Amino acid sequence: MTLTPAIQPNLNRESHSLIGACLIILFVLAMVGNGLIIFAFLRFQDLRIQCYILIVNLAVADFLMTTLGLPLTIYSAFSPRWPFSNSVCQLYGFSGGLFGLTSINTQAAIAIDRCLVLIRSQKAQPVRRSHRQTAFVVAIPWLYAFLWSVPPLYGWNGYRLDELQTICSFDIVAESFSSRVFVVCVGVFGFLLPLCIIIFCYSFIFVAINKYKKGFYEISESLRFSVYIGSAVVPHPKRDYKTAQIGLTCVIFFCLAWMPYAVVGWISVAGYYNKVGPHVLLMTTLFAKTSTIYNPTIYAACLPRFRRRVQYLFQSCCKPKHRHIQSRSYSLNVSKEHSIPMNNLSWEVVLSPDVSGKRSQGYHTQRSWGEIDTQQSSTRFRNMTHAVKDSGCGISRV
């Protein structure tokens, strides 16, 4: 492979500078957003549940793509040429392919996990996985992406510097038959297959929830409760529905980011690259990198637990710290609207850790108030209050 392409279309310096400025903004947003998710996961123990581990795995892939790839692209955009060696180009292309494929594979893993959780919840069975099984689930997206990122390093297709000398990626304009076969295989097994899995899983979730929407909360007593104990999860359909909405939103934004690049690749394989041109290829490649800012924005904004933890991090950084001794107190707050019938009220009992998240034993329960008589509820609340000890106990209407 030659580092300098045979065709070098002109792109004025102002355009290169504009691309570099946009990439700087993208770099800052992606690094801060994904970094906050990773830091919050490491900082707060109550975020370390299986579904959130997959979300953090997604943030790690996006964070590595941002920190390892974008600085080189920004530097070459302001140059305006590729100032690095062929080895750096190969490493850049490999890392971009690895992290990009890992991102969509992780989203497929999240969709499969949500689908399995919903199936088990209909049988009132908790989803329990050991640490080894969880590590295996996290490793699968990386291994699958690695299998499709290594072959270009050994001659099957290759990582090529674009004609505008800004980025290195898969050689989608190669004319050899083997290279075109590789591009087709990556498009089918690295993009379309995970995308089909995601669409199927979330479609199944939406159909199942809509089918049992009215009677979901009467399926069984165990299904009405949501309990987190270590890595065990007994899911609640309302939370599953919201998780499905969040996941589907991420998939839509991911497709908006990566689909143009995939379409350009398929057009090039069909032999019509001259009708697309290097400028469109560059724009679609750079636009695909915007997917690194969608996931942290959506998950941090839509998942209440992540949102509370991120808000706490901001408050800790912005507010001055005062040294004082605060007495511990426990209270049971019950609020209700008298305009709503009692049998229609839904109450949530949250035994949560302190706001800093250092002590984390999260027990989340929810059931209809009309199904609990006064004596039973008083006994249950009193037992819960004694059980939490150093944690706070609160009740709030859903």
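Note: Cβ is positioned from N, Cα and C throughout, glycine not excepted.
Database features, via TrEMBL:
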TRANSMEM  18-42  transmembrane segment
DOMAIN    33-299  domain 'G-protein coupled receptors family 1 profile'
TRANSMEM  54-78  transmembrane segment
TRANSMEM  90-112  transmembrane segment
TRANSMEM  133-154  transmembrane segment
TRANSMEM  181-209  transmembrane segment
TRANSMEM  246-268  transmembrane segment
TRANSMEM  280-302  transmembrane segment
Worksheet item: Would the transmembrane segment (90-112) and the transmembrane segment (18-42) count as touching if the test is at least 3 Cβ pairs under 8 Å, pairs 6 or more apart?
Response: no
Discussion item. Under 8 Å between C-beta atoms and at least six residues away from its ends: which parts of the chain pack against the transmembrane segment (246-268)?
Written reply: 100, 103-104, 107, 110-111, 114, 170, 172-173, 183-184, 187, 191, 195, 198-199, 202, 206, 275-276, 280-281, 284-285, 287-291, 294-295, 298-299, 302-303
